[in-house]
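Trainee: The structure that follows is given in the form of structure tokens.
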Amino acid sequence: MALSRALRCCQRIFSWIPVIIISSVVLWSYYAYVFELCFVTLSNNLERVTYLLIFHVCFIMFCWTYWKAIFTPPSTPTKKFHLSYTDKERYEMEERPEVQKQILVDIAKKLPIFTRAQSGAIRFCDRCQVIKPDRCHHCSVCETCVLKMDHHCPWVNNCVGFSNYKFFLLFLSYSMIYCVFIASTVFQYFLKFWVGDLPNGPAKFHVLFLLFVALMFFVSLMFLFGYHCWLVAKNRSTLEAFSPPVFQNGPDRNGFNVGLSKNLRQVFGEHKKLWFIPVFTSQGDGHYFPLRTLRESENPLLANEEKWVEDGGSDEESADENGSSLLIRTES
């Protein structure tokens, strides 16, 4: 027991190494750009002030989104998806697997659940003792079930899911903008140092490496950001792209794809003026999502999006009522 605790403690400590590396590179880039480029290399005051203003806007947005991606805790299923004491006792004492499955089916009929395991059974997490909502998965690193889990990202040392997916996307976008701005403004001075128009000194080293590091990070981020833009457009998570969710008629990668406009609003919210600001605006509460396979008139979550507001009582009641009838439809 003591050994396992020590190993988990070491794992938690080492898991911060990628974040420390990124933070160190960013802090160095701040010093190199502000002091070595703007204050040491640049001679034009107007150019210096302009570069500093734009740079600090990019730097603040990068830090803000990175902070939110790291420290926003992953959302977990609410109590209504956990087994009650009576159901848990009945489930654990039952030795017949087919009866255990039926117990979970009976409980799930009261919940807005449409997806199943590959075998067709109710998706149940033995570790968390919870019936998994649609798009929810257990993270072995965080040791909990995460709503609309996309992946566990070592570079933010956090699970990317429903609660912080918008922040993660903004982090990628502002990281690219940060790199592009640095590379585009440093390039002319890189050439001047390279051909010898500017004298050698500490600034030369920083300016040369600023360009290389900015370009290297931009290229890697460009592919990752492009991939996640495609996922958002299709309303898929990374896990769903590799293993499509299973519905009544089998696996369907486009099961949650309700159109580009609605897909974007699910992640970024209704108000476009808040799309590029790292504040939580995603629709719903992460437990249930509109389905493409149901007509809009039959899908209460798609036809009545105003019910997605975080109103615990009314939201749960409508979900219970609609979830039960719709679940029977998918199992028929």
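From the backbone N, Cα and C atoms, a Cβ is placed for every residue, glycine too.
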Trainee: Would Swiss-Prot have Arg12 on the same side of the membrane as Val160?
Mentor: yes
Trainee: Please state which member of His152, His206 Swiss-Prot lists alongside Cys139, Cys142, Cys159 for binding Zn(2+) 2.
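Mentor: Of His152, His206, His152 joins Cys139, Cys142, Cys159 in the Zn(2+) 2 site that Swiss-Prot records.
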Trainee: Among the recorded positions Cys125, Lys132, Cys145, Cys153, which ones place their C-alpha within 10 angstroms of the C-alpha of Cys139 (Zn(2+) 2 binding site)?
Mentor: Cys145
Trainee: Rounded to a whole angstrom, what is the C-alpha distance between Cys128 (Zn(2+) 1 binding site) and Cys153 (active site, S-palmitoyl cysteine intermediate)?
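Mentor: Per the Cα atoms, Cys128 (Zn(2+) 1 binding site) and Cys153 (active site, S-palmitoyl cysteine intermediate) stand 21 Å apart.
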Trainee: Can you work out which residues elsewhere in the same chain, 6+ from the ends of the topological domain 'Cytoplasmic' (1-14), have a Cβ less than 8 Å from its Cβ atoms?
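Mentor: Sequence-remote neighbours of the topological domain 'Cytoplasmic' (1-14) do not exist; the answer is none.
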Trainee: Identify which of the recorded positions Cys128, Cys145, Cys153 has its Cβ surrounded by the largest number of other Cβ atoms within 10 Å, counting every protein chain shown.
Mentor: Cys145
Trainee: Using the Cβ center of Cys125, Cys128, His138, Cys145 as the Zn(2+) 1 site position, which other residues in that chain lie within 8 Å, going by their Cβ?
Mentor: Pro77, Arg127, Val130, Lys132, Cys136, His137, Thr144
